[in-house]
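Annotated features in TrEMBL:
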- 1-53: region 'Disordered' (REGION)
- 130-154: transmembrane segment (TRANSMEM)
- 270-355: domain 'Chitin synthase 4-like' (DOMAIN)
- 368-395: transmembrane segment (TRANSMEM)
- 816-837: transmembrane segment (TRANSMEM)
- 844-866: transmembrane segment (TRANSMEM)
- 872-894: transmembrane segment (TRANSMEM)
- 945-974: region 'Disordered' (REGION)
- 945-956: compositional bias 'Basic residues' (COMPBIAS)
- 991-1011: region 'Disordered' (REGION)
- 1037-1110: region 'Disordered' (REGION)
- 1037-1058: compositional bias 'Low complexity' (COMPBIAS)
- 1059-1069: compositional bias 'Pro residues' (COMPBIAS)
- 1075-1089: compositional bias 'Polar residues' (COMPBIAS)
Amino acid sequence: MPGAVTYSSAVGGGYPGDPNQYHPPNYGGGPPNPGMSRRPTLGRAPSRRIVPGHNSIARAGSNLQRGRTLIRPDRYQEPAPLLTGKQESSSAFDPWVIISRIFTFWAFSPMLKAIGKTDKGMQQAWREKVTLCMIIAMMGGLVAFLTVGLSVVLCPPDQSNNQEHYAHYNDTVTAGGLVGIEGWQFNVSQSKPTATANFYALAAVPGTDITYLFANHGNNIGACTNPGNANTAKFTAVTFDPCSANTCVLDAISAATFAKYGLTNTTRQVGFDWTQLGAANLTNYFVIDGNVLNMDPYMKAHPQPIANDPLDDVIRSILNTTFGEGGKDATKLFFRNDELKAATDCLVQKYYAGHIDKSTPGCFAASLILYFSLLIILSLVLSRFFMAMIFAWFYSRKLSKTPPPLKSSASSVNLLPKNTMEMGNASNWTNRQDPDVLTKPVEIGNDLFTVLLITCYSEGLESIKGTIESLATTDYPDDRKLLFVIADGIITGSGETVSTPDICLSLMHLDNPADREALPMPYVAVAAGAKQFNCAKVYAGHYMTKKHKVPMMLIVKCGNPDEQGKPKPGNRGKRDSQLILMNFFSRVTYNDRMTPLDYDIFRKIQRLMHVTPDYFELCLMVDADTKVYKSSMRLLINCMINDNLIMGLCGETKIANKRDSWVTAIQVYEYYISHHLAKGFESIFGGVTCLPGCFCMYRLKARKGDGDWVPIITKPEIVQEYSQNTVETLHQKNLLLLGEDRFLTTLMLRNFPHRKMVFTPQAVCKTVVPDEFKVLLSQRRRWINSTIHNLFELVLVRNLCGTFCFSMQFVVMMDLIGTLVLPVAIILTVVLIISMARTHITSFVLAVPLILLIIVLFSPALLILITTKKWIYVAWMGVYLCALPIWNFVLPVYSFWHFDDFSWGETRKVTGEGKGDDHGKTDGVFDPSKVPMKRWEEHERARIRANKRQERKRRNQQNQPPLPSGFSHNVMPGEDESRARLLDNASELSMDTADNLGSPVNYFDPSKEGSGKAGGYYPSYRPTANPNLPVPAAAGPWGPSSYSSPMSSPRSPQSMGRPMPPPPSPGAPPMQHQRPLQLQQGFVPQGSPQMRPPGGYRPPPPRNGSNRPL
């Protein structure tokens, strides 16, 4: 491809001798005036500007530089790496490839070929899919372990200290009428008192140990007869028989004895507090490893110390020591000595009275982790709830309110400059001359020029017409909106008899019947191999309905010559359709080289709208099965005007066929919550992570002061990365082939992290959702997989708002983890519900999981009731909850296992489509020479020269005399271009001022727009009026009349011997005419010649000696 786009900080750009650089004409014939070089049009600060070089917009991002980085190196920041960019190193040494091969080492190539994975790329995608599934399974196992297993490991059931296992000692409120026997609590309410023991008196202090009253309770203990140490077996406390002092007045411990005395085991142990062990009645109690030992029988039998008995010394030392909190812990003393340690088991079994009911370190750690997790989850859930509520009550209405009207026009141009001349041709557009008049200025005000992009694929007449009708009848001036319909290939939808392009064309009213024979224009498509060469036809006309006549353009992608006769010629996907528009406005903004398709679109937009395309500031993207409410477009634009930092926003999408089947019914509540809860919360921080492609609006460029602009969606970095042709890895394919709408949102947030992506609930549309489960399965498979990969991209963006746990980056990370572990989460939810149903809840701790579950499931319903009071959605919530296993298990598991499926499956079926028919298939090699790319002025010169030759040939054939002096348009190399007025007339159509002579130059603020990125951050900007600037005229509801008056110009068609055109509409200003182009490079662009260079170039005004405008 000839040429390239590079960037330089030199004023005017270019380099001497560059044949592709357009130089201003030298009117005086002398040496060029250096002051006549092109001037920047975007402000007064260090600039980024376009300089000719090797022509490729795809390389623009790599040549972006920042001004003053040489004199202020500290300002330079390395640009963020493009995660989806072309890999520099070999894929064989890619870490992810190596990891995937390690995980799938057992899957040899012959085995993969046997299951249909014959291509190396398919095999690698399968390996990556299996690796991702294994990683997801490990993450799910980790979540399950942290949720259930960790508490069991750190705090086993026998150590978990709660009311289910322990009854507190001396608890007269909940544990009255209990006594302790070998550490267990027994109920004495049905006891039978004996002559030697009154159980009611013994239970006066609940939990009192009465083990010593039972016969033989300390005999025949294996740990005492054989403690494992000879010296230990001789200690008195080990050999002591508690019944030797005749204190055992009750029968031996057994189930029969308990029944005899009417004692009932509560199955709960006696729990002691550390402070209780300092009480006077528990003087002879101490603790070993959490076990409370009652040494009363031993101390009563041996009131004096025993000589040469180390164990007796330790026992008396502990019992006679006073501790600060009353506790007597002998664990360290016993475990530091082998003899004493050997006696531990014997002492515990012989003197055991209960257990310390304080948490062990393991139980404490488990509780800490549990409460921390609950705190994080509840914080996220409640913050989403309250933020969404605040947004619905306050912020959204303020954002979409009607902005105050501007006092005067924000910009002005002369649509039809004086002395405009045009050579005639065969159509009514070209068989007339425009008068020498200046039209009245047009007020731009709050009615911003907006292009309405409608992408069509296989939809039927009802869907397409409904969408276009809803947009045409919106409460917005018809002359400020342009219906831009793109038919993605010559395709006939399943069940349809007419192709989609024919359906779209049948809805248009063509101003000139000859326009129906549009010629295919080449452009570089988003595809691999030879499919990068694609052609499209451009139709220009109007859509007329009721009292509306809306300008409409139809782009039909018809394919290259080699595709004719094959299935789906011209089909390149929705992303390619979006990029036709994005590339066009990017090239207009930067005065970059255009394809023939771009040039044809440029001319026909100007013919329809009577302004050049650089007037357009907004782009509304709508799918062909969506119906927009009448007030929605005005509300979206109000948001854009009220907050200049908003770069994209969406409205609420409702379901049009909610009652068609159970499949549509389960989606109603999910759609509502995804907008009002998720997007409402994200809008508070200006970081909506997904603008749905069925109904969203983006800025083409943002205002940065009086006459200055910052490219937004037309920014080269965004266009460059979004137009990736080579999509190799599984990650790239999931981003670009399945979820292009979400990925575009991700790109906007990465490149403009300090601008805003918001949601406005007042703007509403309706769309048709899948009504069959197989279609829903296919749709959600694409959505879930693209969501995972886009969230991974966003989690790496470090400069989103907030910090650490209080940041959008943390919220995105939690969303990513939550999406990956959805199947495990629903399983754990079912287990929790069953467990709660079988558990008798007696404390708040036991109720915490159930409370959390209720908050998570029902807080969205509360949000609906508080904000909208629509009780019907409570019923839809019940339907959604019944289908929760489908949403959280079936759909995610199916999506994970189909990570390597990049087709659209059952969605948008096409008649005669085969399984392998997709636009992403690589076929052949692309020849760049088939798509010539030139600057606007080069296209315009070639067109006028071709028309001149055609006119000369026609006159010669008719033996007509030459045209009168001043009527011919002689533009030849080396001629005085000021006389030819090639660009002088066209430049008056620009919305730039006379002081701006160069291509658009965008400035950036490095502290606001992210490292190495261009952009702007201008919170206080509001478009201001400038009475000195002329603006285009308001020419009635649908623009100027199609015909001018024959009496308004001395050079009328009547004077040339041509037929008289029809009379003009009353009061309608004249409009310039059109003629078709001569064949160039096999293509004939059509449209109006009265244009200006997209970059805003015009011949310079007279200057003084200081090289400044007079």
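Using N, Cα and C of the backbone, Cβ positions are placed for all residues, glycine too.
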Fill in the blank from the handout: Long-range Cβ contacts under 8 Å made by the transmembrane segment (816-837), restricted to residues 6 or more beyond its ends, are 136, 139-141, 143-144, 147-148, 784, 787-788, 791-792, 795, 849-850, 853, 884-885, 888-889, 892-893
Handout entry: Listed stretch, out of 130-154, 368-395, 872-894, that has the most CB pairs under 8 angstroms to the transmembrane segment (844-866)
Key = 368-395
Problem - Helix, strand and coil totals (DSSP H, G, I; E, B; other) for the domain 'Chitin synthase 4-like' (270-355) - result: 41 helix, 16 strand, 29 coil
Handout entry: Long-range environment of the transmembrane segment (130-154) - Cβ separation under 8 angstroms, sequence gap at least 6
Key = 99-100, 103-104, 107, 160, 362-363, 365-366, 369-370, 373, 730, 817, 820-821, 823-825, 827-828, 831, 896-897, 899
Practice task
Give the residue counts of the compositional bias 'Basic residues' (945-956) per reduced DSSP state, in the order helix, strand, coil.
Solution key: 12 helix, 0 strand, 0 coil
Exercise for the section: Kindly state the mean pLDDT of the domain 'Chitin synthase 4-like' (270-355) in the predicted structure. Expected result: 87
